[in-house]
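Enquirer: Next up is a structure, given as structure tokens.
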Amino acid sequence: MSDLLANLNTEQHQAVTLPPQHALILAGAGSGKTRVLTTRIAWLISSGQCDPAGILAVTFTNKAAKEMLARLSAMLPISTRGMWIGTFHGLCNRLLRAHHRDAGLPQLFQILDSADQLAAIKRLLKTFNVDDEKFPPRELQHFINAQKEAGLRPDAVEAWDDYTRRRVELYREYETQCQRESVVDFAELLLRTYELLERNEPVRRHYQRRFRHILVDEFQDTNRLQYRWLKLLAAGDAASGTPGACLFCVGDDDQSIYRFRGAEVGNMRDFEREFQVANVIRLEQNYRSHGNILDAANAIIRHNSGRLGKNLWTEQGAGEPIRVFEAFGDSDEARWIVEEVQQLVREGALRSDIALLYRSNAQSRVLEHALFSAGIPYRVYGGLRFFERQEIKHALAYLRLIANADDDTAFARVVNFPTRGIGARSLEALQEAARTYNTSLYATVPHLAGKPGTVLAQFVRLIEDLRRDTARLPLPELVDHVLDSSGLRAHYKAEKEGRERLENLDELIAAAANFVAESQADAGALGADHALLADFLAHASLEAGEHQADQGMDAVQLMTVHAAKGLEFDAVFLSGLEEGLFPHENAILEAEGLEEERRLMYVAVTRARQRLYLSFAQSRMLHGQTRYNLRSRFLEEIPEPLTRWITPPKPRGSAATGFGGYYEPPRGAFSSRPAAPPAPVPPRKNTGGLQVGQLVSHARFGKGVIIAAEGSGADARVQINFGDAGIKWLLLGVAKLEPCN
DNA sequence: GTTATACTTTGGGCA
DNA sequence: AAAGTATAAC
């Protein structure tokens, strides 16, 4: 046990060995948070204070849960099996499956991911002939999720205006639809579980009695409902003399980056107040990053207001300067990154210790292309994730229909895929009938007469045959059989671009085999036919698949900043540091949004151990359009002495920007997309040496970027994005424009 | 009525 | 760029 506590600093030691009371650990980036959490669990168990079955540990990502389990089994001589470790959603799924009857759900309920949910809402709007211009599906989705996260069922929502009243009605209909189809969305997983525990005393008491220590990772990212869920589980029960559980919450308000999905940083303060937390421990010593990187992170986050306050420090030296690179275009940026990566590898770095981070998934393509051309192995996390690909979703839809024929979302997805002559019209008729009979689409088919009825009946027979033929098959063979009999394989075989999709379908079989292998221990306990299938489907929804190529290979890591939270790398490249991209344009206008972007930047910077590379491009292809962005304000927030600018090779004829040094930032400017598609650049002599993408200054409007140019001679004019001052067309002969360095 | 094709619109991060 | 929508062709 003394081994366990060796090498912990004073604060870490204190946190790990706290008496059984509520505790809040404010853990800065790289301060050994995961270590404290796992060591705490190991210490509780090995000191005999708690049985493994008394531990409940909640994380936010499956990755984090897995890592915690791995570390624990390395630390403890005993099995980790009795512990409950998982994500909120994963644990709720487990509870609901175990108590499905009490929760009012069939055992084989399905889980909708956000895309499924959106599709279900669109279908709902269609059935009720709702104008989707007035009620945009995405907005309605957000509304419904927000209500659920506030713990509100339709009856409890207060609606003061007609618009909201209508949305509440649609919320109610959505619930009915989900219940009828036996599907549950992410927010519902949480709310259902919460209600189950709240209303069902025996069940609640059972878990309250069982869990003695509840440990929460990334507490700053919990939403209101998750917090209430924790409160309920941790509460004692005076009547039966059950003492409450100890809540051990670890978080960092500066790393709260999930406000968009309802995370409530205020939970940290509420927790401290409501539980009268006497033990608040700050972990401020950083073991990860060199001084320059840490100073940069501290300087950036200082621009935010209302922080709980923390200052990271390190015993390590300043280390290397932060390298900053300005590229002309996104592909130049990618090329430069690849060259630097190659250099690092030549110097002996492991590829897997190098991460390429970006704000949004769309940015990964250019990087992937450059890496691929250079023959560097890489691995992309997130993005179009495995279980979200269309061919996989189609295959899963067939599997879902086998497990649960009432799943209308799955039905609608594949009833005419591959095409079998069931178009929009037939489907509409079926939906109409389904409403009158109040049955699922599948169950309605026998009621339908006429030609469409025949074709539909054939589809139903196909599903029924599948269900019968696969009942005794092992999961991978079941999937294989479905791929063939559904015609999916044949369809993609015939398609020109279908090869990759076919490979992915084969991957699905592999994923099924993998799933069986991993859950083998539990498999014997499942009695019902296709129960393992239902488990696999839940797995597919909850864990959309870290399923990139060769697992074991030493590969460069590509991911969004969100996905990088909790991870660390020797070298980190953060690309696309441009206004509109990072900070993202949708977040720029609201103060709250901007602060969240800044926290995201803080997270990104603190991922790096030794080297940090920051880059941006003057022009970038995004959504099929070339955009010209100003550099990110976050770059300006890093003190100059910490950085070293790297000069890009100068293309012929262009005025240099950012040459060799640090230049005065265009304060307060923000970018926007060009009002008109950029015109072809006129001959250079007409623009007086100016170029699209260049930074210029104007006496009245200040600094801006040229986003388009047209005309020639006396008519030559350029369109300039002046940020705050707006976008203007200026005649070159009239306006005095100064190239800006 | 269904399917193939041209055109228009949209657009973030995640369990 | 990809998904969604209107229109023409089967």
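Even glycines carry a Cβ here, placed using N, Cα and C.
Not my notes, these are from TrEMBL:
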type: DOMAIN; residues: A:6-290; note: domain 'UvrD-like helicase ATP-binding'
type: BINDING; residues: A:Ala27, A:Gly28, A:Ala29, A:Gly30, A:Ser31, A:Gly32, A:Lys33, A:Thr34; note: ATP binding site
type: DOMAIN; residues: A:291-566; note: domain 'UvrD-like helicase C-terminal'
type: REGION; residues: A:670-689; note: region 'Disordered'
Enquirer: Sequence gap of 6 or more, C-beta under 8 Å: which same-chain residues meet both conditions with respect to A:Ala29 (ATP binding site)?
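Expert: Residues satisfying the criterion: A:Asp252, A:Asp254, A:Gln255, A:Asn286, A:Arg288, A:Ala297, A:Leu312, A:Tyr602, A:Val603, A:Thr606.
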Enquirer: Got a sec? Which of these binding-site residues, A:Gly28, A:Gly32, has the most Cβ atoms within 10 Å?
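Expert: Neighbour-count leader: A:Gly28.
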Enquirer: Taking the centroid of the Cβ atoms of A:Ala27, A:Gly28, A:Ala29, A:Gly30, A:Ser31, A:Gly32, A:Lys33, A:Thr34 (ATP site), which other same-chain residues have Cβ within 8 Å of it?
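Expert: Other same-chain residues with Cβ inside the cutoff are A:Val36, A:Asp252, A:Leu283, A:Asn286, A:Tyr287, A:Arg288.
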Enquirer: Where's the emptiest Cβ shell within 10 Å among the binding-site residues A:Ser31, A:Thr34?
Expert: A:Thr34
Enquirer: Run through the Cβ atoms and count how many others sit within 10 Å of the one on A:Lys33 (ATP binding site).
Expert: 23
Enquirer: Within a 10 Å radius of its Cβ, which of these binding-site residues (A:Ala27, A:Gly30) has the fewest neighbouring Cβ atoms?
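Expert: Output over binding-site residues A:Ala27, A:Gly30: least Cβ neighbours within 10 Å is A:Gly30.
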Enquirer: Across the domain 'UvrD-like helicase C-terminal' (A:291-566), what does the pLDDT come to on average, as a whole number?
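Expert: Summarising the domain 'UvrD-like helicase C-terminal' (A:291-566) by its mean pLDDT gives 85.
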